[in-house]
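Here's the structure we're looking at; comments come further down.
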Amino acid sequence: GDIHGQYQDLLRLFEYGGYPPSANFLFLGDYVDRGKQSLETICLLLAYKIRYPSKIYLLRGNHEDAKINRIYGFYDECKRRFNVRLWKIFTDCFNCLPVAALIDDKILCMHGGLSPELDNLNQIREIQRPTEIPDSGLLCDLLWSDPDQKIEGWADSDRGISCTFGADKVAEFLDKNDLDLICRGHQVVEDGYEFFAKRRLVTIFSAPNYGGEFDNAGALLSVDESLVCSFEIMKPALASSSGHPLKKVPKMGKS
């Protein structure tokens, strides 16, 4: 799930799950922005990708987009610590990242969620890279959409971009494509993970005490050879280092 520049928590994740190459890792995007150490976070992940390419896989999140990370911290961190040229090099890198992964032909993983334009997995395979993230359409939705318990079908998103989808759309898509589970990030959830649509979709968020503001846990999803899923939970700190009280996470909060 999302890391958002929380480098120490990324190291904790590897402590829990094992450092590469002892385990295979799939990350769901949002490596940068908001946290203080986006550069360490993305550089460690890319270094592992270079060293153990078949052991670590990095999907693209909505923050791996120049329009977004120009605003939410990564650009400023690059400029302050190095230079704008470095940020532009990362932009070129992010434009090449894959946007979805399929585990054992049964578990579909992406950062955001489903799209009204998505009927089958070949549509994802046909997305050309490198690419920027458009403001609407399939690629946008894969990185930006959210599940919503209160609706059926599709609805506009409070984010002002992309859409939300109901449990009926999850069931419809999974049944049509012979899949078991959708695994996605993109929303801070109190326990680090949260199920939706009769456990046919799971949201995973891996940045505990997100941004130093929330009292959420972080989670790591483990999938064994039989596709049995289990969760490792990184408990949140009891108080924020800033001395301010931590906010409770709203159900399916935004990130």
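Cβ atoms are placed via backbone N, Cα and C, with glycine included.
Record features (Swiss-Prot):
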type     : residues             : note
BINDING  : D2, H4, D30          : Mn(2+) 1 binding site
BINDING  : D30, N62, H111, H186 : Mn(2+) 2 binding site
ACT_SITE : H63                  : active site, proton donor
> Across all chains shown, how many C-beta atoms besides its own are within 10 angstroms of the C-beta of H186 (Mn(2+) 2 binding site)?
Replying inline: 29
>> To the nearest Å, how far is the Cα of D30 (Mn(2+) 1 binding site) from the Cα of N62 (Mn(2+) 2 binding site)?
In response: 7
> Near H4 (Mn(2+) 1 binding site), how many other Cβ atoms are within 10 Å of its Cβ?
Replying inline: 29
>> Quick check: in three-state DSSP terms, what is the residue listed as 'active site, proton donor'?
In response: coil
> Between N62 (Mn(2+) 2 binding site) and D2 (Mn(2+) 1 binding site), what C-alpha distance do you get in Å?
Replying inline: 10
> Nearest to H186 (Mn(2+) 2 binding site) by Cα distance: which of the recorded positions D2, H4, H63 is it?
Replying inline: D2
> At the Cα level, what's the spacing in Å between H4 (Mn(2+) 1 binding site) and H111 (Mn(2+) 2 binding site), rounded?
Replying inline: 13
>> Neighbour count, 10 Å Cβ-Cβ cut-off, for D30 (Mn(2+) 1 binding site): what number do you get?
In response: 29
> What are the non-local neighbours of H111 (Mn(2+) 2 binding site), defined as same-chain residues 6+ apart in sequence with CB under 8 A from its CB?
Replying inline: L28, G29, D30, L59, R60, G61, N62, V99, L142, L143, R184, G185, H186
